[in-house]
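Look at TrEMBL and you will find 9-42, 77-110, 235-268, 310-343, 370-403, 438-471 tagged as repeat 'TPR'. According to TrEMBL, the domain 'STI1' annotation covers 140-179, 499-538. Sequence annotations record features per position, and here TrEMBL assigns region 'Disordered' to 200-243. Feature annotation from TrEMBL assigns compositional bias 'Acidic residues' to 218-229. Per TrEMBL, compositional bias 'Basic and acidic residues' is recorded for 230-243.
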Amino acid sequence: MAEDLQKKVAELKDQGNRALTSGNTQEAIRLYGEAIKIDPTNHVLYSNRSAALAKASNYELALVDAEKTVELKPDWVKGFSRKGTALSFLGRHEEAKMAYEEGLKLDPENQQLKDGVKDAQAHLTGPAGSQPIGGNPFAAPGIMKRIETDPRTKGFLAQPDYMEKLKQLQQNPQALGNHLQDPRIMTTLSVLLGVDLQQAREEDMDQRSSPPAKDEPEPMEEEEEEELTDAQKEAKEEKKKGNEAYKKKDFETAIQHYDKAIELDADDITFLTNKAAVYFEMDRLEDCIKESEKAIERGREVRSDFKLIAKAFFRIGQAYFKQENYKDAITYYNKSLTEHRTPEALKKCQEAEKLRKEREENAYVDPEKAEEEKALGNDLFQKGDFPNAVKHYSEAIRRNPGDAKLYSNRAACYTKLAAWELGLKDCDECVRLDPKFLKGYLRKGAILQAMKQWGRAQDVYSKALDIDPNHQEANEGYKKCLQTMSQDPEEIKKRAMADPEVQNIMSDPAMRVILDQMQNEPGALNDHLQNPEIRAKIQKLMESGLIQIR
């Protein structure tokens, strides 16, 4: 980049920084944008604009700039910090945590990233790492009704000191640490969060760290022993027999034992969810859904642990997924996640969403309608109405996403609109679909020239010439790149240093000494050329254009 343009970029960046510091975020965004137009590969500019956009509460665009920062400079920690911040503001805390963790791989001691991970985790899990929470649980709407209707807490309301503590916690949740020794407060928190904080019971063996082998059926829920009636003890024994039969894939016997357990103790919904799991393995999916619905209904009545309710919703989601009914599967996976967030449910929900999207896109494909939209786009392009041409080309792509020419046409519109990044994306998709489609390379080369990325443009025109060595536009583009690069020392240096071999030579301390000697003592060149290894390295630097010998 020419020196005057570099100064202009630095000036705009400084002005943007001052505007941001003074609170004029919109002016800062504008100034950073002007600088990006001149230097679209400067990762710092995108990072600064991301910060300004976040400050202006435009978190979607802040995320776009943060992702561009990471793309341009993947080894720069601040890019991941910006990305994590934008994702956090968007409420996408799982992804924010991942972004911060990626940054910590580069700088494990970065306190800002560590704090980001901690903050994201706080939004994902409750105090025992058990369920999503947000804000102050003691100040949530309707808490007094929940305390009054729950038999574990309703008696506390008549105790003045309890009411005083509750009032303190509603005003300042940080005061919780002062009341952890009060069993009434811990019981109240258990009711509000839906989890027993004083007795961490593990009722679901699916939460084990190692997944089951592929040829094994889904594991059953188990429970720790507590004080039970004779009927409950007998029910547990029946469940144990059912689990053993299940593991042997003796499903009919397993159902018989679970049915006996249900007759003996109708309040334990693990018998119902285990029975649903058997039906799932037997491909009796409607029965699986019905048993899971019974478990949810009964679980609500007897206030079962939210983890068990979540498991029942998850089983319904699994049944719909197996039926390839992805819409309903997503609905029930989300219900499961609302009750209790687990990586397994989140992963399955994302998988179902992806498959549903693919199905909908495939159902929408219609090559004939794509041609109609393409014709409309062509007509608008000829009239100079590029924004509406983009709309029709985009609809054509949705109708026929495998047609490379459609991406090429839309890239031409983006070029006219100076939307370089979008144009490049379409050109890349175009040549991916059809590696021999010459026009895709020509459009990409033209965009890179407009962005003054001469080295990349030269490579693209070179690929075009591999397809048609005599193509006039490709030849002219290639020559223009060579001519421009030969006149721009910075571009020559940038392109040369992109070569790993050149990087190794220039990072060699001995070669640095030799190059200094050649510059200060021209007569030393002849001595160094006597060494074949050094001569080869000097020849490589000359070929790259990094040094010249007269």
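In case you wondered, yes, glycine gets a Cβ from its N, Cα and C as well.
Residues of the domain 'STI1' (499-538) grouped by DSSP class, helix first, strand second and coil last, total 32 helix, 0 strand, 8 coil. The DSSP breakdown of the repeat 'TPR' (310-343), given as helix, strand and coil counts, is 28 helix, 0 strand, 6 coil. Residue counts of the repeat 'TPR' (438-471) by helix, strand and coil are 27 helix, 0 strand, 7 coil (DSSP-based).
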